[in-house]
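Annotated features, as they stand in TrEMBL:
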- 1-99: repeat 'Lumazine-binding' (REPEAT)
- 1-99: domain 'Lumazine-binding' (DOMAIN)
- 100-196: repeat 'Lumazine-binding' (REPEAT)
- 100-196: domain 'Lumazine-binding' (DOMAIN)
Amino acid sequence: MFKGIIENIGTVTQINDIKSHDKRITIKPTNPNFLNETKIGDSIGCSGICLSVVELNNRCFVVDVSDATLSVTSATHWKEGTKINLEPALRMTDRIDGHFVQGHVDGIGKIISITSVNSSHNIGFHIPDSLLKYMIIKGSIAIDGVSLTINSISNEILSVNIIPHTWENTTFQYNKVNDTINIEVDMLAKHLERLYNIKI
């Protein structure tokens, strides 16, 4: 479980093929202290994907990404040099400054616009139609692992406002139009839908 508050940006330094089309990916955090309390088996949110640490070496961590995960996330587009949002798993004593994020990607979207607005940036995304029912204006959404507030929704287009602090401390600063992004909708909306359907 995560809260959508990114603590560091990492860089993919190596990608190796392993059995059954899975990938073993090495990521180096920008801040060398990010991994100080990390051990093998810990979960790290990697641009919104919950991945388990399988190796630690040279201030880098290594994760295995299954073919199933690659097929439904932007990880399939990662390459050496790709920037990754990093967040350690939530602890029971942590403050919840964002919203509950599971690290289970619901779909892939695409950036369609990036506009500077004063000191902030407005980003527009094309969202899969199947996910729109879980979204409301001023509701929460996790995009590449970042907890954000939805500004507007029109047809399959969603927009968010990125304040300077978030821009400077996440991979949004490196994004460009047509980049793919990982989307996780608010899990409370999914649970409510499930309960409603059972009741019917």
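Any Cβ shown, glycine's included, is placed from N, Cα and C.
Applying DSSP to the domain 'Lumazine-binding' (100-196) sorts its residues as follows: 25 helix, 44 strand, 28 coil. DSSP assignment over the repeat 'Lumazine-binding' (1-99) gives 17 helix, 43 strand, 39 coil.
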